[in-house]
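*Asks:* Take this structure first; my questions come after.
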Amino acid sequence: MRTLWIMAVLLVGVEGDLWQFGQMILKETGKLPFPYYTTYGCYCGWGGQGQPKDATDRCCFVHDCCYGKLTNCKPKTDRYSYSRENGVIICGEGTPCEKQICECDKAAAVCFRENLRTYKKRYMAYPDVLCKKPAEKC
(Lines of atoms letter the chains of each structure in order from A and count residues from 1; the text may use other names and numbers.)
(Lines give C-alpha, C1' and ligand atoms only; values in the text may rest on other atoms or scores of the structure.)
Protein backbone atom coordinates (compact mmCIF):
# COMPACT_ATOMS: atom_id res chain seq x y z
CA MET A 1 0.00 0.00 0.00
CA ARG A 2 2.85 2.39 0.78
CA THR A 3 4.27 1.81 -2.67
CA LEU A 4 1.02 3.16 -4.11
CA TRP A 5 1.37 6.30 -2.00
CA ILE A 6 4.93 6.83 -3.21
CA MET A 7 3.78 6.41 -6.80
CA ALA A 8 0.96 8.88 -6.17
CA VAL A 9 3.41 11.45 -4.85
CA LEU A 10 5.61 11.01 -7.89
CA LEU A 11 2.72 11.09 -10.38
CA VAL A 12 0.65 13.88 -8.88
CA GLY A 13 3.00 16.57 -10.19
CA VAL A 14 2.47 20.23 -9.45
CA GLU A 15 -1.31 20.06 -9.65
CA GLY A 16 -2.02 18.04 -6.51
CA ASP A 17 -2.15 18.72 -2.82
CA LEU A 18 0.37 15.95 -2.07
CA TRP A 19 2.90 17.92 -4.10
CA GLN A 20 2.20 21.02 -2.01
CA PHE A 21 2.52 19.02 1.20
CA GLY A 22 5.85 17.70 -0.06
CA GLN A 23 7.05 21.23 -0.72
CA MET A 24 6.03 22.28 2.79
CA ILE A 25 7.97 19.34 4.24
CA LEU A 26 11.06 20.22 2.18
CA LYS A 27 10.98 23.89 3.21
CA GLU A 28 10.38 23.14 6.89
CA THR A 29 12.84 20.26 7.34
CA GLY A 30 15.34 20.51 4.50
CA LYS A 31 14.54 16.83 3.77
CA LEU A 32 12.89 15.47 0.66
CA PRO A 33 9.52 13.90 1.45
CA PHE A 34 10.64 10.83 -0.53
CA PRO A 35 12.37 8.86 0.92
CA TYR A 36 12.42 10.48 4.36
CA TYR A 37 8.70 10.65 5.16
CA THR A 38 6.81 8.47 2.67
CA THR A 39 7.39 5.12 4.41
CA TYR A 40 8.53 6.21 7.86
CA GLY A 41 7.27 4.27 10.87
CA CYS A 42 3.71 3.00 11.03
CA TYR A 43 1.83 6.12 9.89
CA CYS A 44 3.90 8.11 7.40
CA GLY A 45 2.67 7.25 3.94
CA TRP A 46 -0.60 5.82 2.76
CA GLY A 47 -2.78 4.55 5.60
CA GLY A 48 -1.43 3.56 8.96
CA GLN A 49 -1.90 1.09 11.77
CA GLY A 50 -0.52 0.15 15.16
CA GLN A 51 1.25 2.54 17.50
CA PRO A 52 3.37 5.47 16.27
CA LYS A 53 7.04 4.54 16.64
CA ASP A 54 8.33 7.97 17.71
CA ALA A 55 7.55 11.70 17.59
CA THR A 56 7.95 11.92 13.79
CA ASP A 57 5.61 8.99 13.26
CA ARG A 58 3.17 10.64 15.68
CA CYS A 59 3.22 13.73 13.41
CA CYS A 60 1.94 11.46 10.64
CA PHE A 61 -0.66 9.88 12.93
CA VAL A 62 -1.99 13.33 13.88
CA HIS A 63 -1.95 14.34 10.19
CA ASP A 64 -4.01 11.26 9.30
CA CYS A 65 -6.47 12.17 12.07
CA CYS A 66 -6.65 15.75 10.81
CA TYR A 67 -7.49 14.54 7.29
CA GLY A 68 -9.99 12.09 8.78
CA LYS A 69 -11.94 14.90 10.44
CA LEU A 70 -12.50 16.70 7.13
CA THR A 71 -15.92 16.20 5.57
CA ASN A 72 -16.58 16.29 1.84
CA CYS A 73 -12.96 17.23 1.15
CA LYS A 74 -10.32 15.52 -0.98
CA PRO A 75 -7.11 16.19 0.95
CA LYS A 76 -4.84 14.24 -1.37
CA THR A 77 -5.98 16.08 -4.51
CA ASP A 78 -7.54 19.43 -3.57
CA ARG A 79 -5.10 22.25 -4.33
CA TYR A 80 -4.85 25.12 -1.86
CA SER A 81 -2.94 28.37 -1.67
CA TYR A 82 -0.26 29.17 0.87
CA SER A 83 2.79 31.33 1.24
CA ARG A 84 5.75 31.67 3.56
CA GLU A 85 6.37 34.89 5.42
CA ASN A 86 9.51 35.17 7.53
CA GLY A 87 9.80 31.38 7.55
CA VAL A 88 6.19 30.85 8.66
CA ILE A 89 3.63 29.00 6.53
CA ILE A 90 0.52 31.10 5.94
CA CYS A 91 -2.52 29.28 4.56
CA GLY A 92 -4.27 31.48 2.02
CA GLU A 93 -7.76 32.11 0.76
CA GLY A 94 -9.90 29.37 -0.70
CA THR A 95 -12.77 27.09 0.10
CA PRO A 96 -13.24 25.86 3.67
CA CYS A 97 -11.85 22.48 2.55
CA GLU A 98 -8.75 24.04 1.00
CA LYS A 99 -8.06 26.04 4.14
CA GLN A 100 -8.51 23.03 6.43
CA ILE A 101 -6.32 20.79 4.28
CA CYS A 102 -3.62 23.46 4.27
CA GLU A 103 -3.79 23.73 8.07
CA CYS A 104 -3.45 19.93 8.41
CA ASP A 105 -0.41 19.91 6.11
CA LYS A 106 1.11 22.94 7.83
CA ALA A 107 0.77 21.34 11.27
CA ALA A 108 2.47 18.15 10.05
CA ALA A 109 5.33 19.96 8.31
CA VAL A 110 5.99 22.07 11.41
CA CYS A 111 5.77 18.94 13.58
CA PHE A 112 8.39 17.23 11.38
CA ARG A 113 10.69 20.23 11.76
CA GLU A 114 10.23 20.32 15.53
CA ASN A 115 11.14 16.64 15.76
CA LEU A 116 14.16 16.51 13.44
CA ARG A 117 16.47 15.78 16.38
CA THR A 118 14.68 12.52 17.14
CA TYR A 119 14.26 11.32 13.53
CA LYS A 120 15.55 7.75 13.30
CA LYS A 121 16.75 6.28 10.01
CA ARG A 122 15.84 2.81 11.27
CA TYR A 123 12.16 3.74 10.82
CA MET A 124 12.59 4.59 7.12
CA ALA A 125 10.93 1.94 4.91
CA TYR A 126 9.55 0.41 8.09
CA PRO A 127 7.74 -2.90 7.40
CA ASP A 128 3.96 -2.81 7.91
CA VAL A 129 4.16 -6.24 9.54
CA LEU A 130 5.81 -4.58 12.56
CA CYS A 131 2.83 -2.24 13.00
CA LYS A 132 0.25 -4.73 14.24
CA LYS A 133 -0.49 -3.43 17.75
CA PRO A 134 -3.98 -1.97 18.20
CA ALA A 135 -4.23 1.49 16.70
CA GLU A 136 -4.76 4.56 18.83
CA LYS A 137 -7.94 6.55 18.42
CA CYS A 138 -7.71 10.04 17.02
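Here the Cβ of each residue, glycine as well, is placed from N, Cα and C on the backbone.
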*Asks:* Going by the disulfide annotation in Swiss-Prot, which one of C91, C97, C102, C104 is bonded to C66?
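*Replies:* Disulfide partner per Swiss-Prot record: C104.
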*Asks:* Need the matching range: Swiss-Prot marks region 'Important for membrane-damaging activities in eukaryotes and bacteria' on one of 4-16, 121-133, and I'd like to know which.
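*Replies:* Spelled out, Swiss-Prot records region 'Important for membrane-damaging activities in eukaryotes and bacteria' over residues 121-133, not the other listed ranges.
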*Asks:* Of the cysteines C44, C59, C60, which is paired with C111 in the disulfide recorded by Swiss-Prot?
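*Replies:* Between C111 and the options C44, C59, C60, Swiss-Prot records the bond with C59.
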*Asks:* Of the candidates C65, C73, C91, C97, which does Swiss-Prot name as forming a disulfide with C138?
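*Replies:* Candidates were C65, C73, C91, C97; Swiss-Prot matches C138 with C65.
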*Asks:* Where Swiss-Prot annotates a disulfide for C91, which of C97, C102 is the other cysteine?
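*Replies:* It is C102, per the disulfide annotation in Swiss-Prot.
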*Asks:* Far apart in sequence but close in space: which same-chain residues, 6 or more away, have a Cβ under 8 Å from C131 (disulfide bond)?
*Replies:* G41, C42, G48, Q49, G50, Q51
*Asks:* Could you give the Cα-Cα distance between C60 (disulfide bond) and C97 (disulfide bond), in whole Å?
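*Replies:* Spelling it out, the Cα of C60 (disulfide bond) and the Cα of C97 (disulfide bond) are 19 Å apart.
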*Asks:* I want to verify one value. Collapsing DSSP to three states, which class is C91 (disulfide bond)?
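*Replies:* The three-state answer is strand.
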*Asks:* If you count, for each of the disulfide-bonded residues C44, C59, the other Cβ atoms lying within 10 Å of its Cβ, which residue has the minimum?
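*Replies:* Output over disulfide-bonded residues C44, C59: least Cβ neighbours within 10 Å is C59.
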*Asks:* Could you work out which of the disulfide-bonded residues (C104, C138) has its C-beta surrounded by the smallest number of other C-beta atoms within 10 A?
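*Replies:* Per-residue Cβ counts within 10 Å for the disulfide-bonded residues C104, C138 bottom out at C138.
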